[in-house]
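Novice: Have a look at the structure that comes next, please.
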Amino acid sequence: MEESISTTSRIILAVARPLLIYSSYVCLICGLIGNVLNIIIVGFLKVFRGNPSSFYLIVESFVNCGVLLNAYALRILLSQFNIDFTRNSIILCKILAVEREITVMISLMAICCEALDQFLVTSHDIARRQKITLKLAQRMASINVVVWILHSIPFAIFYEILPLTGCNISNKYFSLYFSVVYLSLLNGFVPLVVVSLVFSAFAYRNVRRIIRRQVPHIRRRFDRQMTAIVFSRVALLVSVSIPFGTYLLYSMNAPGLMGNVVLSAIDQLCSAATSTLFYMNYAGPFYLFLLTSRRFRSQAKHIFTKKFWKNVFCKRRSDMVVPFNPINPMLNVFSQ
């Protein structure tokens, strides 16, 4: 009986560990590339300039890079080289906890702002549409950063290096706040359902009726594209957050599994699967936009084939020095 239990646990761990390792490399590399490409496309194309949702998308892509580096750089070091700096340095433990909380919440609030912005900008009420400006978006982003920096102060205070769990919350009251208020409300129900899902659904409804308004065709196409992008972004957020949030709340409130080898192995497999799925929220937006928006695919192709390729490679060819031909000087004229 004990042999069958140990065999079962070894099989489960043999699936969980490679899943954790390989998914870390894939999500980190593909996520960083995707977010950088998002910044390049949205930042360089004129159609996105001056649009508040585009600004929020750039902010989100920047902080997504921070989330991925925080999560996967440490995971790769631990799984591949058995190095955990957070168990040896209390300063690094606190810094990484604070950075993780700030970047995760800024990214989440940026998505909420995108959904709210698209709801207002596609509204039939002219007064609502006029309120949405790039200057307001910049102010909202600044307030967002300041609020979550202030909110991270308790994380810097109560995160300690514990003997069993490593870098974790040491205060039981703050741990209760973290599980009930932070995870369930601030990082869960309120932004996912009340803000993102509701406003993106209303924006989607508005954009289907946008043809009735006297709006230029180019503006109408752009509003439809941005609404489709934001709606798919919110759908990704909701679909990957629910499994991870459910597992996280269970693991924080469930009794210890150290005595049961099989349940402990199953817990590691669930942790690897749900965390990998969750971090697709930060690694996958660019690839999701490519799949859901034909216009975004055309814009990505344009920015890299027409602008990047011509400005970098074709410019190099035109800047090449052609040697002077003394035998036939007319060739020098045509080579210039």
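Glycine is treated like the rest: Cβ placed from N, Cα and C.
Annotated domain 'G-protein coupled receptors family 1 profile' per TrEMBL: 34-289, in sequence order. As annotated by TrEMBL, transmembrane segment applies to 20-45, 57-78, 141-162, 174-207, 228-252, 272-291.
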Novice: Would you kindly list the residues that approach the transmembrane segment (141-162) from elsewhere in its chain, counting only those six or more residues past its ends and only Cβ-Cβ distances under 8 Å?
Specialist: 55-56, 59, 86-87, 90, 93-94, 97-98, 101-102, 105-106, 109-110, 113, 168-171, 174
Novice: Short question: which residues 6 or more past the ends of the transmembrane segment (272-291) have a Cβ under 8 Å from it?
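Specialist: Those are 16-17, 19-20, 23, 27-28, 30-31, 33-35, 37-38, 60-61, 64, 67-68, 71-72, 107, 229, 232-233, 236-237, 240-241, 243-244, 246-248, 297, 300, in sequence order.
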Novice: On the 0 to 100 scale, where does the mean pLDDT of the domain 'G-protein coupled receptors family 1 profile' (34-289) fall?
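Specialist: That stretch averages a pLDDT of 82.
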